[in-house]
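> Submitted below is the structure of interest, expressed as structure tokens.
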Ligand code: GLN
């Protein structure tokens, strides 16, 4: 049986090569002899069952293009997230999982409400390299968002910011980790830059504690050098 990776809104939500996350997951699975099917899911389509669901980032314009469809998919998204399926959502894709996004020009975009958080746009964008401490090690990425995200107290952030802005530039939180759903502002794409995060996502999707080693010395060298450069 092939591992099923769903890419939600690949046309609209794909900034800074976020699709590289899907390629990275696929390659790391194939290196361990898994067969992988990547399935694109667009507007107006149902979300079929999956092993990993990926949503990339998008500008405000793209978010207003998908907003109605996100509301239609709200129940499905909520169901998958709360039943513990593995999800990775980046920046605008991460914002889609929350209750609403109020743009810097005060336009309110109602979103899925799958998780208890909201995002409000600030005039000054949060831009640059970000490094944060997570339960899986230090994660490095690139962020560029106007939205400041505030997560409810009962939600765990994915990490604590070491350098950069993260969720809002105020409370040192970065992203969200709820059951097996990972939300983060880190573009990059984030997974090729952080192989341990890619493997954590794969382990959760496959429900295994360990994965066979693969030759990823170069990826780890790159990760370490980016972390030390940006901290
Ligand atoms: N539209 C969002 C913002 O600017 C997300 C941008 C992104 O995905 N990089 O906050």
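Any Cβ shown, glycine's included, is placed from N, Cα and C.
Copying in the features that TrEMBL gives for the protein in this structure:
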DOMAIN    4-194  domain 'CobB/CobQ-like glutamine amidotransferase'
ACT_SITE  91  active site, nucleophile
BINDING   125  substrate binding site
ACT_SITE  187  active site
> Cα-Cα, whole number of Å: residue 125 (substrate binding site) versus residue 91 (active site, nucleophile)?
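Pair distance, Cα basis, whole Å: 13 Å.
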> Cα-Cα, whole number of Å: residue 187 (active site) versus residue 91 (active site, nucleophile)?
7
> I'd like to know which of these recorded positions, 125, 187, is least surrounded, judged by other CB atoms within 10 A.
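Across 125, 187, these recorded positions, the one with fewest Cβ atoms within 10 Å is 125.
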> In three-state terms from DSSP, label the residue listed as 'substrate binding site' for me.
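The residue listed as 'substrate binding site' sits in a strand per DSSP.
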> As a test of the contact definition, list every same-chain residue at least 6 positions from residue 91 (active site, nucleophile) whose Cβ is closer than 8 Å to its Cβ.
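15, 18, 56, 57, 58, 143, 144, 145, 184, 185, 186, 187 - these are the non-local Cβ neighbours of residue 91 (active site, nucleophile), listed in sequence order.
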